[in-house]
Amino acid sequence: MNRIFSGMQPTRQLHLGNYLGALRNWVDLQNSYECIFCVVDLHALTIDQDPEVLRNNIREVAAAYIAAGIDPDKNILFNQSVVAGHAELSWILSCHTPLGWLNRMTQFKEKAGKQKDMANLGLYAYPTLMAADILLYKATHVPVGEDQKQHLELARDIAGAFNRRYETEFFPLPEPQILGEATRVMSLRDGKKKMSKSDESEYSRINMTDDADTIAQKIRKAKTDPEPLPETVTELEARPEADNLVTIYGALAGQSREQVLAQFAGAQFSDFKKSLVDLSVDKLAPITTRMKELLADKAEIDRLLKKGGERAAAIAEKNLNDVKDIIGLLRP
Ligand code: AQP
């Protein structure tokens, strides 16, 4: 059986990168796989959180999933912390993960910055918790943006090491699914930096909750160069900011970059940006409106998350018990 697990952190608002790199693909995949979509709130604790803001962000991410088209009845939709098995399996897997493997993780190096000794243990162990998230459900496929590829490879390595150690094929080796035209959406202020929730500049990203005026303002201010749009993708590749805007347009329009250039080659960026604003508002406004409607009834979101959590817990409990039996933890 093919099963998908994927998640997003409730750290600030979701942005266009989260949507195009992951969420939008989930919507298509829910028709072909058994899907488990998680709001990974334990991961969010790797940065300092205000409790009230965190609670709201968890609901907001759940609302974004549903507003984007995830069906909470057909799929399992829940928040990670309600299933204790994530933390439990994470501990078990961390005892099977050499430090050298974690030392290679580039995201930790980027996020910890120069003050590595001050970074918290959770940030360092983040990839082991992510491996536990996936393996707890014996997921076979994990749709993510390109930035998560290294963590996914580690999850495969951990699953393989566990299977070899206990001479079993218990864990499937999860396959990354890096799909679509926009696997790595870049910052609107710097075409060499990933669009990210934690970027200090609000103008670096389009949030899924931005209204039409804010989207227009951010796209108008997006960094570009003085040249018009080129004719070929090869010419585009030396111009990261231009490439990013063309990629975003293509992903929203369901077109390749070649198709976008066939339409806009020779156009000035001021004109292209107007079309990009119209397209972005057109695609995001219905999602934003639906999110607002959903968030007006917090009790209903909590009810959906509770129901999803119960369904997730049933699968998790069975798999975790099997893991305990395999490794010799007594369950009297
Ligand atoms: N810029 C991006 N382009 C394409 N995909 C992206 N994803 C994130 N940024 C981009 C994908 O979105 C999913 C959820 O990501 P996450 O919320 O778990 O954490 P992240 O990858 O660390 O995202 P951010 O925005 O960079 O958050 P911060 O700044 O808090 O670290 C994943 O599938 C990810 O690949």
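Any Cβ shown, glycine's included, is placed from N, Cα and C.
Site annotation (TrEMBL, ligand ATP) includes Q9, P10, T11, G17, N18, G145, E146, D147, K194, M195, S196, K197, S198; from V27, V185, the additional listed residue is V185. Contact annotation for binding-site residues (Q9, T11, D133, V185) versus ligand 1: Q9, T11, V185, each with CB under 6 Å from a ligand atom. DSSP assignment over the motif ''KMSKS' region' (194-198) gives 0 helix, 1 strand, 4 coil. Here the CA atom of D133 (L-tryptophan binding site) lies 25 Å from the CA atom of V185 (ATP binding site). For the pair formed by Q9 (ATP binding site) and D133 (L-tryptophan binding site), distance between Cα atoms is given as 13 Å, rounded to the nearest Å.
Annotated pair K197 (ATP binding site) and D133 (L-tryptophan binding site), C-alpha to C-alpha distance, rounded: 21 Å.
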